[in-house]
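Only one structure is covered here, and it is reproduced in the block below.
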Amino acid sequence: MRPQRTSIHAVTTWVRRQPPKVKAFLAVVSGMAALVLLRFIVHDHDNLFVAAEAVHSLGISVLIYKLMKEKTCAGLSLKSQELTAIFLAVRLYCSFVMEYDIHTLLDFATFVTTVWVIYMIRFKLKASYMEEKDNFAIYYVVAPCAMLALLIHPSTSHHLLNRISWAFCVYLEAVSVLPQLRVMQNTKIVEPFTAHYVFALGVARFLSCAHWVLQVLDSRGHLLVALGYGLWPSMVLISEIVQTFILADFCYYYVKSVFGGQLVLRLPSGVV
């Protein structure tokens with residue numbers, strides 16, 4: 001095990017010393033390699049979406065365990081949970097009026113859990129809430145997402161309000177984790193359960209992004225056409241990619257910490 005850790009340490013040290021452009025290039029290459037691997041390994045790419053939901057559920061289970069057993073919400077961002085509740089509520093509305101299916105039930109279960117987490121942080125475990133660290137102004141993401149939804153939204157036959165709402169929840173989901181990353185950046189030290197939860201979010205979003213990208217490739221672009229015309233189809237794909245890369249840096253340090261045998265994750269400055 002020691003030689004393996006030494007090799008991993010050497011690789012991570014080399015990557016850390018590279019300039020930002022090289023790091024970005026390496027991240028893109030790694031993402032493309034993972035997509036190619038998934039395309040050959042997973043024959044039914046719809047299974048990637050199921051896997052994403054499963055990993056997300058696992059992350060939520062870790063979060064529930066932390067709140068119920070550890071009796072603390074230290075390190076968690078209330079604002080991220082509130083943003084999650086907002087986009088889930090809007091998506092549930094859109095699902096009911098536009099495309100009611102099994103995903104509606106999954107979103108409802110996630111919404112109920114998120115509301116429970118918000119209740120626990122606000123009332124039951126308020127004493128351990130790190131409010132001074134959770135200082136990300138949510139209007140910095142809500143307002144731009146709303147404006148973008150007004151400008152770029154689906155071109156389907158549904159009511160305009162429903163189409164704008166749909167676009168709003170897609171954009172807001174992509175950036176809803178930013179307050180949580182800000183909290184972790186402010187504290188610099190992330191305890192295990194919070195790190196497991198955020199890492200699960202990162203893996204789930206990568207699998208969801210892979211599902212979309214591979215579906216587009218398999219349909220030879222017909223899926224984008226089916227979503228409508230204009231900029232909307234591209235924005236859906238871009239949103240999936242953005243929410244994946246937002247968490248990529250954290251996931252890198254998480255994996256490095258796990259292989260290094262560290263229970264507590266320490267983040268350097270400038271991760272977010």
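Heads up, the Cβ atoms here are built off N, Cα and C, so glycines get one too.
Per TrEMBL, transmembrane segment is recorded for 24-42, 104-123, 135-152, 164-181, 193-214, 234-255.
Where the transmembrane segment (234-255) meets the stretches 104-123, 135-152, 164-181, 193-214, the count of C-beta pairs under 8 angstroms peaks at 193-214. Note on the transmembrane segment (193-214): residues 31, 34-35, 38-39, 45-46, 48-49, 51-53, 55-56, 58-60, 62-63, 65-66, 70, 75-76, 177, 180-181, 184, 236-237, 240-241, 243-244, 247-248, 250-251, 254, 257, 265 of its chain, located 6 or more positions outside it, place their CB under 8 angstroms from a CB of the stretch. Under the criterion of 3 or more C-beta pairs below 8 Å, with sequence separation of 6 or more, the transmembrane segment (135-152) and the transmembrane segment (164-181) qualify as touching. Tertiary neighbourhood of the transmembrane segment (104-123): same-chain residues 53, 56, 60, 63-64, 67, 73, 76, 78, 81-82, 84-85, 88-89, 91-92, 95-96, 129, selected by CB-CB distance under 8 Å and a gap of 6+ residues from either end.
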